[in-house]
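Below: one structure, written as structure tokens.
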Amino acid sequence: MNNKKKIVKIFFYDKILFFLLISLSIIGIIIVSSASISFGIRLHNDYFYFAKRNLLYFFLSFFLFFQIIRIPINQLEKYNKIALLINLFLLIIVFIIGNSINGAIRWIKIGFFSIQPSECSKLILFFYISDYIVKKNKELKNKLWGFLKPIIIMLIFVILLLMQPDLGNSLILFLTTLLLFFLAGINLWKCCFMFLFGLLTIFILIIFKPYRIRRILSFLDPWEDPFNSGYQLTQSLMALGRGKIIGTGLGNSIQKLEYLPEAYTDFIFSILGEELGYIGSIIILIMLFFVIFRIFLIGKNSFIQKKFFSGYFSFSVGIWISLQTIMNVGGVIGILPIKGLTLPFISYGGSSLITIFSAIAIVIRSDFELRINKYQAYLKQ
């Protein structure tokens, strides 16, 4: 009898989204294995050092995924404020005990692992905002403090991230919160005010940080200074150019031989394009599109069944993955400034992979509960 119940439960999970999730992660493991070889041998005397760690992160993410989808959404909601406070604490202590890499203080080292609290911030803040929109909807729309409270919390997170500095994740937090408020029916003038405030903040940050001005200028014309501010982008474009239509073949990248910095993290799409070509790159982007589409579909179905928390959270995850993909790929191909963001599911990074697996586990759990409710309603007819 228990086995039959398990089979019925498996039937109600979104198998397409799960298949896309696993497929993209396996592709990521393969590309990271190729892109990180020269870095592994130079830094750790092991060709597959980063590949093995990435595989470990995948199994850990997979384990957490299967733990989370077993927990009812209403139980997860109880812990959103505790999770918010813990994440806020980690974002503060990262400045005290964190490791600095390439001038950024984003990682807390615990044994063999490094935690990046800024990655966890996306999941935890969007969970909190989604819960707040549902439980405090009238206050949010009608009272000034009700509107300002989540804005202040979001701005605290954004400021702490900007201090690291982490402009990419700060933008994702800000823009996703803004779009969630718009989706919730918040007054258009309030949303416009938030947007203009964000633009003004970005403008001020660019003016007072010379390296950000150089990034903007190098994005506009990377070939003007190809060996300094434009180096990453020119090397990235060269990698994509070498790939042409069908690519040089898996493992045959030249740019990964330390010509392109961050080849296995932020710029992995360049190596993917070089080795798998235009066709391989498009296939990956199509798969990412369908992941986002399935998540938005779950969000829409949640609203139809009046499961508003699941709806807002699903949309927040879809917006987050959309923005992160656009910013990463846009930076790599030279149509947007480089933000230092990973490509979801593909880039090397334990915190990034674990966080995104956890977020999608909650989305799939939401969808599971919708399907169960629909099935039970059908049986009662």
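Note that Cβ sites are derived from N, Cα and C of the backbone, with glycine treated the same way.
Membrane topology from Swiss-Prot places I304 and L343 on either side, one opposite the other. Non-local neighbours of the topological domain 'Cytoplasmic' (75-81) in the same chain are 68, 124, 127-128, 131, 309, 362, 365; each lies 6+ residues outside the stretch with a CB under 8 Å from one of its CB atoms. Residues of the same chain lying 6 or more positions beyond the ends of the transmembrane segment (110-130) and with a Cβ under 8 Å from any Cβ of it are 76, 80-81, 83-84, 87, 90-91, 94, 99, 150, 153-154, 157, 161, 164, 166, 169, 172-173, 176-177, 180, 309, 312-313, 316-317, 320, 349-352, 355, 358-359, 362. When Cβ-Cβ distances under 8 Å to the transmembrane segment (344-364) are tallied for each of 54-74, 82-102, 167-187, 188-208, 279-299, the top count falls to 54-74. The transmembrane segment (318-338) is not in contact with the transmembrane segment (16-36), judged by fewer than 3 CB-CB distances under 8 Å for residue pairs 6 or more apart in sequence. Counted over residue pairs 6 or more apart, the CB atoms of the transmembrane segment (279-299) and the transmembrane segment (167-187) come under 8 Å in fewer than three pairs, which marks the two as apart.
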